[in-house]
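Report on the structure given below.
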Amino acid sequence: MILMHDITRDGNPVLRQVAKPLTFPLADEYKELADEMMQYLINSQDPKIAEKHQLRAGVGLAAPQVGKSIQMAALLVPNDKGEIIFKEVFVNPKIISESVRKACLAEGEGCLSVDKDIEGYVPRPDKLKIHYYTVDGEEKTIRLKDYPAIVASHEIDHLNGHLFYDRINKQNPFDLAEDTIVIS
């Protein structure tokens with residue numbers, strides 16, 4: 001079971017590396033890691049389990065965040081009612097197209113690997129088309145928009161050595177392009 005002490009923190013070089021692609025069939029250790037990463041997200045979104053194990057809630061977890069520089073990320077995205085609207089483990093994901101229009105979260109973003117609050121809007125594409133493989137090696141292409149697209153972009157950034165605050169405007173953290181969608 002992944003706990004908060006297992007989460008790699010900002011400053012660790014693994015978070016700034018471009019993660020290595022995986023080959024199929026996946027080794028058992030990577031399948032187990034995928035299961036553990038998804039289970040962390042499930043547990044962290046359950047108030048009783050999260051409190052018992054002092055877990056910070058998460059909607060995504062990339063392998064570099066648990067010290068593994070591999071192209072794998074788990075996503076468990078709820079809607080505003082707490083119902084899961086997207087659940088998947090990406091292996092070797094690639095963004096193959098993205099919208100010109102940007103979106104951001106009204107409250108900004110956080111990250112399990114970043115312990116301090118960093119204020120500012122994090123503009124990301126409002127829509128993404130992503131090519132990836134499942135843990136079983138099934139090839140998929142999906143389209144995401146709004147909140148799920150933001151979460152996917154955040155996790156894929158981790159696989160490319162980027163953290164959310166890299167996208168914040170350093171001179172004016174709350175400056176946005178006119179047509180940016182602000183999601184509350």
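Cβ from N, Cα, C; glycine included.
Summarising the annotation, Swiss-Prot assigns active site to GLU155. Its own atom aside, the Cβ of GLU155 (active site) has 22 Cβ atoms within 10 angstroms in the protein chains shown. Taken residue by residue with DSSP, GLU155 (active site) is part of a helix.
Using a 10 Å Cβ-Cβ cutoff, HIS154 (Fe cation binding site) registers 24 neighbours. Per Swiss-Prot, the feature Fe cation binding site maps to CYS111, HIS154, HIS158.
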For CYS111 (Fe cation binding site), the nonlocal same-chain Cβ neighbours (under 8 Å, six or more residues apart) come out as ASP10, HIS154, LEU163, PHE164
Note on Fe cation: the CB centroid of CYS111, HIS154, HIS158 has further same-chain residues inside 8 Å, namely GLY60, ALA62, GLN65, GLU109, LEU112, SER113, GLU155, ASP157, LEU163, PHE164
Quick note, HIS158 (Fe cation binding site): same-chain residues at least 6 apart with CB under 8 Å of its CB -> LEU15, ALA19, ALA62, PRO64, GLN65, ALA73, SER113
